[in-house]
Amino acid sequence: MPEVTVTEHLLLHQKKSPAATGQFTTLLNDLVLSAKIISRSVTKAGLLDVLGGTGEVNVQGELVQKLDEFANRVLIYRMERSGAVCAMASEENADIIKVPEKLHRGDYVLIFDPLDGSSNIDVNINVGTIFSILRRKSPASDDVCIDDVLQPGYEQVAAGYILYGPSTMLVFSTGQGVHGFTLDPSVGEFLLSHPDMSIPERGRIYSINESYWNYWDEPTREIVSYFKGDHNERGKPYSLRYVGSLVADFHRTLLYGGIFMYPMDYRHPDKPQGKLRLMCEASPLAFLAEQAGGRAIDGSRRILDVCPGTLHERIPLFIGSARDVDKVEEIYARHRA
């Protein structure tokens with residue numbers, strides 16, 4: 001197979017879209033460079049004194065890891081200077097990040113989780129960067145505003161993630177299928193390794209943190225019992241796999257099928273909708289899932305149809321093989337009837 005780089009792949013698909021501009025390619029190229037810089041630090045984390053926390057707490061009420069802070073800094077610095085974005089939103093920042101007026105502002109908005117699963121770094125488990133790209137809604141002559149960022153998922157121009165593990169992978173979609181690229185350290189390029197990725201219609205793996213069983217409602221318990229029992233449509237139990245790193249769990253689901261679930265629970269009164277953020281986690285992964293032939297819902301609604309009301313809004317997530325997600329939807333609907 002010819003060794004196709006990310007840039008070559010983008011330029012090829014750009015020719016198929018008359019509305020495409022070089023600005024988007026520039027944005028992706030700067031994201032790729034950021035990924036290489038972050039990947040280098042992740043692989044050397046134990047040698048660079050970047051393990052552990054900073055002692056600070058972010059806007060989510062979570063302890064900030066040193067690598068979280070580093071990845072966030074890298075992405076903001078690089079993307080501010082790309083000339084392709086006008087604003088950004090990060091899981092680590094309370095408010096939107098406007099590109100300074102002294103720098104060129106582009107037409108795009110970038111939303112990202114700089115290092116999902118960063119608490120796993122200390123034990124050498126996969127982590128990842130999740131990103132979502134939108135077009136600004138306001139005229140270029142106006143100042144960028146919150147409404148440019150608070151858009152439903154179906155408005156995404158592109159979305160993807162970078163998985164840092166035994167190999168570093170970039171998986172993304174521009175609305176023309178899902179493609180995966182693996183970083184070849186010998187040439188310093190992401191090369192196309194997984195073209196036209198698709199999720200099997202039904203899987204054999206379910207992924208959820210079952211230790212929260214006592215905090216779930218009855219429909220959620222029924223759903224989990226369906227997948228772990230033998231009275232399902234497969235006629236035998238699904239296998240349980242749960243890493244606790246969203247990107248790693250979703251990547252496995254994308255490749256092998258099945259379902260990843262993070263339902264609402266009653267552990268934390270201040271987080272009744274669960275832990276995952278709509279804009280920087282659920283929405284971009286839902287975009288990928290649908291492009292790969294899967295589904296993503298919050299229990300009743302299609303994730304991509306949900307319009308965010310706040311920057312760090314949380315939402316339950318059921319994502320993966322279409323028929324497995326259909327079953328979740330069916331059980332919740334029966335309990336609501």
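Residue numbering: from 1, along the chain as shown.
Just so it is clear, glycine is given a Cβ too, placed from its N, Cα and C backbone atoms.
Since we're looking at a predicted model, the values are computed, not measured.
Swiss-Prot lists Glu91, Asp113, Leu115 with the feature Mg(2+) 1 binding site, giving sequence analysis as the kind of evidence. Take the CB of Asp113 (Mg(2+) 1 binding site) and look out to 10 A: across all protein chains shown you find 28 other CB atoms.
For the recorded site, Asp113 (Mg(2+) 1 binding site), the DSSP three-state label reads strand. Per Swiss-Prot, Mg(2+) 2 binding site is recorded for Asp113, Asp116, Glu281, and the stated evidence type is sequence analysis.
Swiss-Prot lists Asp116, Gly117, Ser118, Ser119, Asn209, Tyr242, Lys275 with the feature substrate binding site, giving sequence analysis as the kind of evidence. Counting only same-chain residues six or more apart in sequence, the Cβ atoms lying under 8 angstroms from the Cβ of Ser118 (substrate binding site) belong to Gln65, Leu67, Asp68, Ala71, Val127.
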Among Glu91, Asp116, Glu281, the one of these binding-site residues whose Cβ has the fewest neighbouring Cβ atoms within 10 Å: Glu91
Between Glu281 (Mg(2+) 2 binding site) and Leu115 (Mg(2+) 1 binding site): CA-CA distance (Å): 11
Under 8 Å by Cβ from Asn209 (substrate binding site), counting only residues of that chain that are 6 or more apart: Tyr242, Gly244, Tyr262
Spatial separation of Ser119 (substrate binding site) from Glu91 (Mg(2+) 1 binding site) - C-alpha basis, Å: 15
